[in-house]
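Colleague: So TrEMBL lists the following for this protein:
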type: DOMAIN; residues: 21-223; note: domain 'Citrate transporter-like'
type: TRANSMEM; residues: 6-24; note: transmembrane segment
type: TRANSMEM; residues: 61-83; note: transmembrane segment
type: TRANSMEM; residues: 108-136; note: transmembrane segment
type: TRANSMEM; residues: 156-181; note: transmembrane segment
type: TRANSMEM; residues: 193-213; note: transmembrane segment
Amino acid sequence: MVIDVGWEGWATLALILLMLVALVAELAPPYLVMMGTVILFIPLGILNLEQALHGFNDPAVLAIAVLFIVAKGIELSGGLEYVSKIMFQTKKVELKPGQRFKKSDSSVVWILLRFTVPVALFSAFLANIPLVAMMIPPIVEFSRRVSMAPSKLLLPLSYAALLGGTLTLIGTGTNLVVLSLAAKKIPSLRMHLFEIGIVGVPVTVAGILYIVAISGKLLPDRLAIQPTSINARGKVKLT
């Protein structure tokens, strides 16, 4: 059985394929590529203006946008930078030429705990992506002071932020999107801010303990990130 999708269906498929090619080739920032694709649907008559902008009326989308605004405000205020200085206060570990970092030089467990726990707590109320981006520079600088490979700290940072997102409804955009979809199916559904913490707290605790236990043993010692890749304002240059 052949389904006739009409020219609209073929045009939609073609635009989506072009969008994917543009994203893979990095012809423009992802948000410009996606917005441009949606805009092209309007003159073709596939979508009207109301349909094209309908997604921006979703409470989940608006909440995610607000979280990014809050994260940017915290970054500009210097609040997170002040907290990170407290988190990473330590004496510089001097190693002799050819000497490698050992657990006896400093406690790997303590090093991991001192930032994974706070990052998980911050992630419960801030968007994960800007939070991780803001925390990378102080963690890389901290790794230099204790003569420890940044590769042993950056992956735990990412996972700590992901785990912290399971503590509250606003911890990650995924929670908000799922709640919005569920509320459309069940209009009477109501969930308070910390309700998913019933599952999120034990998962986060178990995850952080696992990270602390295995990171020092399994993660490789790789060369430090070049200073030109990350600046002091917490902006990451991806290549």
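The chain as shown is numbered from 1 upward.
Backbone N, Cα and C atoms are what each Cβ position is placed from, and that goes for glycine too.
Please treat TrEMBL annotations as automatic predictions, because they have not gone through curation.
Here the structure is a predicted model, which means the values were calculated and not measured.
Neighbours and distances for these, please.
Modeller: Here the transmembrane segment (6-24) has Cβ contacts under 8 Å with residues 30, 33-34, 37, 40-41, 44-46 of the same chain, all six or more residues outside its ends.
Outside the transmembrane segment (108-136) by six or more residues, the chain places 64, 67-68, 70-72, 74-75, 80-81, 83-84, 87-88, 142, 146, 148, 152-154, 156-165, 167-168, 170-173, 204, 208, 211-212, 215-216, 230, 234-236 with a CB less than 8 A from a CB of the stretch.
Sequence-distant neighbours of the transmembrane segment (156-181) (same chain, 6+ residues past either end, Cβ-Cβ under 8 Å): 58-60, 63-64, 67, 112, 115-117, 119-125, 127-128, 131-132, 135-136, 139, 189, 191-197, 199-201, 203-204, 207-208, 211-212, 215, 219.
Taking Cβ pairs closer than 8 Å, the transmembrane segment (193-213) reaches residues 109, 112-113, 116-117, 120, 156, 159-160, 163-164, 166-171, 175 in its own chain, all 6 or more past its ends.
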